[in-house]
């Protein structure tokens, strides 16, 4: 919906200055991985936290980022609450796994280039 206070060109420019973060498979799907929030739009330089609840009894969590028109990029993984592998995760991002095995991906100082699909997976 367009803002009545801004001409179309100004609205488009303002929209381009926002960062859109989406999670694949957000919500509950037949006892699979649960991710939240489903989608998120933030301003540049803001922070965001994405949550991943693994399949019950799975103790390993993997985070991925997929930018527009790109292949998924591995960010980081955890096994039994410890970081087990690190991929191309920006310094502005951090992640952790908690005692109930859910994980959070924290992103600070968001940039337009962070606009992407974020998803997590779990395994035994």
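The backbone N, Cα and C atoms fix where each Cβ goes, and this holds for glycine too.
According to Swiss-Prot, the signal peptide annotation covers 1-31.
Restricting the average to the domain 'Ig-like' (32-124) gives a pLDDT of 96. Swiss-Prot lists 32-124 with the feature domain 'Ig-like'.
Feature annotation from Swiss-Prot assigns disulfide bond to 52-120. The Cβ of residue 120 (disulfide bond) lies under 8 Å from the Cβ of 33, 35, 52, 54, 61, 62, 63, 64, 103, 105, each of which sits 6+ residues away along the same chain.
What Swiss-Prot lists as N-linked glycosylation site is 106. Within 10 Å of the C-beta of residue 106 (N-linked glycosylation site) we count 13 further C-beta atoms, all protein chains included.
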With DSSP helix as H/G/I and strand as E/B, how many residues of the domain 'Ig-like' (32-124) fall in helix, strand and coil?
-> 3 helix, 51 strand, 39 coil
Relative to the Cβ position of residue 52 (disulfide bond), how many further Cβ atoms are located within 10 Å?
-> 26
